[in-house]
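See below for the structure under consideration.
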Amino acid sequence: MGHVSSKSDSSSGDSADGGSKPSRMRRLGRRLHLHSHHFRRRSRAHTTGSHSHTTKILKEEDFAGIALIRIISAEMKFKDKWLVCISLGEQTFRTHVSDQTDKPTWNSEKKLLLERHGAHIARISVFETNRLSKNNLIGYCEIDLLEFLSQDSSSDTEVFDLLDPSSSSTVGRISISCCIEDPVDTEKSFVRRILSIVDYNEDGELSLAEFSDLIAAFGNKLAAERKEELFKQADRNGDGVVCLDELATLLAIQHEKEPLINCCPVCGQVLEVSDGLNSMIHMTLCFDEGTGHQVMTGGFLTEKEASSGWMFKLSEWAHFSTYDIGLRSGSSASHILVYDRRKKRLVEEIIDRKIVLSMRAIYQSKFGLGLMDNGAKEILRSLSEKQGKKMDSAESAKEIPNFIEFFKGQINMDEVKYPLEQFKTFNEFFIRELKPGARPIAFIERDDIAVCAADCRLMVFNSVADSIRFWIKGRKFSIQGLLGNEACSSAFVNGALVIFRLAPQDYHRFHFPVSGTIEKFIEIPGCLYTVNPIAVNSKYCNVFTENKRVVSIISTEYFGKVAFVAIGATMVGSINFSRKEGDYVKKGDEFGYFSFGGSTVICVFEKDSIKIDEDLLENSARSLETLVSVGMQLGLSVKKQD
């Protein structure tokens, strides 16, 4: 830091003899380095497809404030080395690893953007780190950050119970501080943060030299050429320095004419939208205000990625695995990322690595599909039949606890209708029923609103052309091929396509998305390929049009005819229906279930009959599946009534 007055410009210039006094730009560089060291990891997130605050364009009415969360300490039930991850929306951050203790302390903090209609429930997860490659999730809590906006409390520090992810038991307690800087406070403090970057002697005023450094850091060449003119314009009282209020006025006026800030002076990123609000939000999130607390490491997409040990990071570096959202993660990586619609965050679907490798070998190569053509299809059918019989045996019930443990945190036993001991076979558990009311139906009295048909990973498209562009890579996929000649009509050919993919851990009963009358069922024989995105994204096979499936046509008042296609898959040899032709059904009613495995339901709507919800379309356009539950809103009827 300099110790000269801001009014003295000459003393802060470059030393001619290269002496010990640093130049202004060197001091600026060091100062920015202190602010920006923790952004390197976040920059990686931008290159791999993460949509964080720096790339999102926010409207003024959607800006709810900036949350500053500090993870202070915890009390655990045993000693270990601990780390904490915090996830909000499509961003995850992690603390440093604590010492070996049952009372870890971190004092790590992070600023998070809050949107009025966006993600606002932060998940705090505590991991033990006694393994090289896989850290164990011990407990978690969830905090609704928007609630802090309305709280009237003398203290911003609270203690939360940490819940075991596989039960409701408490495994510890964590102390968290959270304060919310609302839009007005953010605007007031924004200029103070800007001024602090180049106010080398911290007197709250900028000399011409300091002001010039600031303009240079903004990355605006035209403004840099006019720096003296801008300085005089800002220096309203003519005292030779620019104070806080004068800088605020200048920035406000210039943003109305031509924004000064093209580049973030903290992290160096070019601002794609140079408007006052988004520039202010970006730079506010970039600032570490010198509290002395460790800033969390960022740039992660999920807490699993953030918590992984060095062996996983080595494999990631060696390209055995890549964290990304969209098509690449579904077709080539050792995991699948999906967007949880209810919690508004990315989550990771658990798949056994051995299964992933085998699926990639089969479905992502001509050689693998060649094996299918030479008899492997019959092997899959035989395997599914044998596995089905095995899962119906009394001995298979022993696998239920292991299954629940493998999908720890993804199967909520509190929702299941019957206690665990009542299931005498694995398949009885697999096709488990839920308690009444566990899946509320959106706008149940309105038949002009369609709902989700399953607990699943959802993809939606306004046309087959969109589905091929963003998701289905099979050869010559078509609605005619999916529905068959008997069920297909010209109205379906260019209609909307909705794909409900059920994973093994999901509730495996499917429900009606619309109200109407079942006209007919049509069985179409076929293969039993997996319906995992690794196969769906393969250009060498047509999973949906080659697999065994049953097409039902539902006649409705508001959507015309709706084709409901239940598709079998590997380990799913049987599709079971609980309704028959001629039945009148209400949306949300149970339609049937799949036996052991994962499978898919596809709904085809007539052209121009449904307006699918925008958030579902936006995710699908990114080749990102959305995690939804039975009964969530799918879309609104736009079909003209007769």
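Cβ coordinates come from backbone N, Cα and C, glycine included.
The compositional bias 'Low complexity' annotation in TrEMBL covers 1-22.
TrEMBL lists 23-45 with the feature compositional bias 'Basic residues'.
TrEMBL lists 30-158 with the feature domain 'C2'.
The domain 'EF-hand' annotation in TrEMBL covers 186-221 (among others). Residues of the domain 'EF-hand' (186-221) grouped by DSSP class, helix first, strand second and coil last, total 24 helix, 2 strand, 10 coil.
Summarising the annotation, TrEMBL assigns domain 'EF-hand' to 222-257 (among others). The average per-residue pLDDT of the prediction over the domain 'EF-hand' (222-257) is 86, rounded to a whole number.
Annotation source TrEMBL lists region 'Disordered' at 1-54.
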When you scan the chain for residues with a C-beta under 8 Å from the domain 'EF-hand' (222-257), skipping those not six or more beyond its ends, what do you find?
6-7, 191-192, 194-195, 204-208, 211-212, 215-216, 275-276, 279
Helix, strand and coil counts within the domain 'EF-hand' (222-257) (DSSP):
26 helix, 2 strand, 8 coil
